[in-house]
Amino acid sequence: MSNLPWLTIIVILPISAGLLIPLFPHKGNKMIRWYTLGICLLDLLLMTYIFRYHYHFDNSLIQLEEDYNWINLIHFHWKLGIDGFSIGLILLTGFVTTLATLAAWPVTRNPRLLHFLMLAMYSGQLGLFASRDILLFFLMWELELIPVYLLLSMWGGKRRLYSATKFLLYTAGGSIFILMGALSMGLYGSHGPTFDFELLAKKDYPITLEILLYLGFLIAYAIKLPIFPLHTWLPDTHGEAHYSTCMLLAGVLLKMGGYGLIRINMELLPHAHSLFSPWLIIIGAVQIIYAALTSMGQRNLKRRIAYSSISHMGFVIIGIGSMTYTGLNGAILQMISHGLIGAALFFLVGTSYDRIRTLFLDEMGGIAIPIPKIFTMFSSFSMASLALPGMSGFVAEFMIFLGVITNHKYSSTFRIIITAIAAIGMILTPIYLLSMLRRMFYGYKVLNVPNPYFKDSGPRELFILICLFLPIIGIGLYPDLVLFLYNAKVEAIFSQSFY
């Protein structure tokens, strides 16, 4: 059993199963939903089994490696492997995608294509987190682009084509930099082309080339993460997408940018990373404040949550730039934490819209009494988003603060200023979140909404929300539940020379 190509199986299974969907009878919409949900759940259980019985968590090396020669002419290999950093994001992908599939249950328009696209996106994201070849990394980066574009353009709001096109142009533009960087790294040197991560890490690049490569990759990841000022596609995309797609975007897609920033920029280009790290911290601090202030001015509920996501990603950037063991641990934990919280908030926004048929805060008010379950869950996840102690966001943000403060590479003045700016962002977060809750659920406007007659959450919706809430509480109370996955990997990253 240990010799099976486990990683190839979990990467290929979703998209292969999706190709069978056209064979289902035309009136088998319910069957397609159950089939897709079953495939997602099977893949999640399979990866849980693999990591439980075939992975050694105290080992920082790449494990479960698979290497198959794919295109010999250009030395392109199907090479997969995982370490502690990959595992957390792969499990997050499986968990959020399974719940997003369940969230898409009410969609009745063209369900065959919808569920195939979700499965194709699932494979692309798993493949990216498991890639050990930089060309394969690029291929998987591109694979999820088309499913997301179609999900946005076919199941969205009135401006869905505009937002989908904007997403496509931004992401495709960033992908060019990944391809150029991958080819430059692979072809550099006198030993022939190689795109293997391990071999690329051993190459010694001239500092000028390393800086140029770092900048190119940074632009691509800045679009996906996103990093200010390349973030403008995100509010438009979230504002128009169906909430099941929003769950995948907030829960998984944004984390691809953070993953690339650590996996390629930090691991393969360490000297350039040490030069850029102060600038990452400054940009992250500015982003926290900017996005929080912008969120406060949003009338549209989805756009307010979208800017909240941008603000929270600022902490990830600071943690990556902190150049400390604690800060990087906090950044990875923040990625996982936000994946759960962001997915839950967008699901709640979508279920609220299904009932009251409006996304504008000034048209809401007084809906806490008719839908107390949604009110309770919305309040709970908002508390998680503002990093209430006892929840996952608090631990992650505290570790990031600690990482910045304890890095003596930076002057004490710089550390104090950055900490103060980020702390202001933490003060602004409850302001825009609590204001959102007040305008939605309190007051006397309930009869003014387009649909004043609606029901509270059903069993399916409560199940999704509870599944997302339990790990948030679990990580908040016992962070080692997640930290043990990648502690050894983070130690290995800092064992290399950055200077």
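Glycine residues also receive a Cβ, built from the backbone N, Cα and C atoms like all the rest.
Look at Swiss-Prot and you will find 4-24 (among others) tagged as transmembrane segment, backed by sequence analysis.
Per Swiss-Prot, transmembrane segment is recorded for 31-51 (among others).
Annotation source Swiss-Prot lists transmembrane segment at 87-107 (among others), citing sequence analysis.
Residues 74, 76-80, 109-110, 113-114, 117-118, 120-121, 123-125, 127-128, 160-161, 163-165, 167-168, 171-172, 175, 178-179, 182, 185-186, 195-197, 200, 237, 240-242, 245, 248-249, 253, 256, 260, 263-264 of the same chain lie 6+ residues outside the transmembrane segment (134-154) yet bring a C-beta within less than 8 angstroms of a C-beta in it. Feature annotation from Swiss-Prot assigns transmembrane segment to 134-154 (among others); the stated evidence is sequence analysis.
Packing against the transmembrane segment (167-187) from elsewhere in the chain are residues 75, 134-135, 137-138, 141-142, 145, 148-149, 152, 193-195, 200, 203, 205, 209, 213, 216-217, 219-224, 230, 233, 236-237, 260, 264, 268: each is 6 or more residues past its ends and has a CB under 8 Å from a CB in it. What Swiss-Prot records for 167-187 (among others) is transmembrane segment.
Residues or ranges marked as transmembrane segment by Swiss-Prot: 211-231 (among others).
Under 8 Å from some Cβ of the transmembrane segment (242-262) lie the Cβ atoms of residues 85, 89, 92-93, 96-97, 99-101, 103-104, 107, 118, 121, 125, 128-129, 137, 141, 144, 148, 151-152, 155-156, 178, 217-218, 220-227, 234, 302, 309, 313, 316, 320, 328, 331-332, 335-336, 338-340, 342-343, 345-347, 349-351, 353, 493, all in the same chain and six or more residues away from its ends. What Swiss-Prot records for 242-262 (among others) is transmembrane segment.
The annotation transmembrane segment is assigned in Swiss-Prot to 274-294 (among others) on the grounds of sequence analysis. Listed by sequence, the residues of this chain that lie at least six past the ends of the transmembrane segment (274-294) yet keep a Cβ under 8 A from its Cβ atoms are 211, 214, 218, 227-228, 231, 307-308, 310-311, 313-318, 320-323, 404, 410, 414, 418, 421-422, 424-425, 428-429, 431-432, 498-499.
What Swiss-Prot records for 305-325 (among others) is transmembrane segment.
Long-range neighbours of the transmembrane segment (330-350) within the same chain, counting only residues 6 or more positions beyond its ends whose Cβ lies under 8 Å from a Cβ of the stretch, are 85, 88-89, 92, 96, 99-100, 103, 238, 242-244, 246-252, 254-255, 258-259, 262, 301-302, 305, 308-309, 312-313, 315-320, 322, 359, 374, 377-378, 381-382, 384-385, 392-393, 395-403, 461, 464-465, 468-469, 471-472, 475, 479, 482-483, 486, 490. Among the features that Swiss-Prot reports, transmembrane segment is placed at 330-350 (among others).
The transmembrane segment annotation in Swiss-Prot covers 386-406 (among others) and rests on sequence analysis.
Summarising the annotation, Swiss-Prot assigns transmembrane segment to 462-482 (among others).
Here the listed stretches are 87-107, 211-231, 305-325, 386-406, 462-482, and the one with the most C-beta pairs under 8 angstroms to the transmembrane segment (31-51) is 87-107. No contact links the transmembrane segment (211-231) to the transmembrane segment (87-107), because fewer than 3 Cβ pairs that are 6 or more residues apart lie under 8 A. Long-range Cβ contacts of the transmembrane segment (462-482) within its own chain (Cβ-Cβ under 8 Å, at least 6 residues beyond either end) map to 88, 95, 99, 102-103, 333, 336-337, 340-341, 343-344, 347-348, 373, 377, 380-381, 384, 389-395. Only residues 6 or more beyond the boundaries of the transmembrane segment (87-107), in the same chain, are considered here, and those with a CB under 8 A from a CB of the stretch are 10, 33, 36-37, 40-41, 43-44, 47-48, 51, 55, 114-115, 118, 121-122, 125-126, 129-130, 155, 242-245, 247-248, 251-252, 255, 259, 332, 335-336, 339-340, 343, 347, 350, 354, 460, 463-464, 467-468, 471, 482, 485-486.
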